[in-house]
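Taken straight from TrEMBL:
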TRANSMEM  20-40  transmembrane segment
TRANSMEM  52-75  transmembrane segment
TRANSMEM  193-210  transmembrane segment
Amino acid sequence: MTQIFDNWLGFMPDLLNGLYLTLIISFGAIALATVFGLIIEAMRWGEHPILTASNTVLVVVLRGIPTLVFIYYVYFVFPVIGIDLPPVAAGILALAISHAPYMAENMRLSIEALDKGQFEAASSMGMSKALMMRRVVLPQAVRSFLPPYGSSIVMAIKDSSLCAVITVAEITRQAQIIAAETFRTLEVFSQAALLYCAICAPLILVVRFMESRISRKV
């Protein structure tokens, strides 16, 4: 038992270094995915039918591609066209692209949950779609958007483990390296799993709390 405890203490510094990178990748990807998702959703509100069609195509196509394929594509294919990104930046961009359509869909559902009278009132006042979105729709949609946004953060944290395949030294990659050097797979990957749980569990509880608050107000 003492040996196991000593192993856990010995592995922790490297895993904590991995945790630091995991958080950078996850929150960087979520921030970028939010911007991409907002752009995709804004297309749906565009005046031109091509923009609306582009929204549908982007959401369907991007949701149909696995996150791991995005990671490989950004890291291995982008350099072919002259865009050579370091592993961390490639991981952030790939995760952002993968999560962007889900962000856009969450935004769409939050907007559609609003009372239709809000849209009619804004339209009767002569507001353009852009002005309506900025002053009427988005401020009210934020409340119902927060729970799925929290869930997206949890998914990004878990998906960041896929960046291990491009040598990003986040939690999973650090665990792989330690396990290869020590052959202590049980301790190493159990410790990695607990680290992920320690990050994600509080976020999941916060999401559930927000969902219960919103459901009581409806």
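If you go along the chain as it appears here, the first residue is 1 and each next one adds 1.
Any Cβ shown, glycine's included, is placed from N, Cα and C.
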Next on the checklist: Within the same chain, where does the transmembrane segment (52-75) have neighbours whose Cβ lies under 8 angstroms from its own Cβ atoms, ignoring anything closer than 6 residues to its ends? I mean 6 or more beyond.
Outcome noted: 40-41, 43-44, 46, 85, 87, 90-91, 93-95, 97-98, 100-102, 104-105, 159, 162-163, 165-166
Checklist entry - By a Cβ-Cβ criterion of under 8 Å, what residues six or more beyond either terminus of the transmembrane segment (193-210) are in contact with it? => result 15, 18-19, 22-23, 146-147, 150-151, 153-154, 157-158, 161, 171
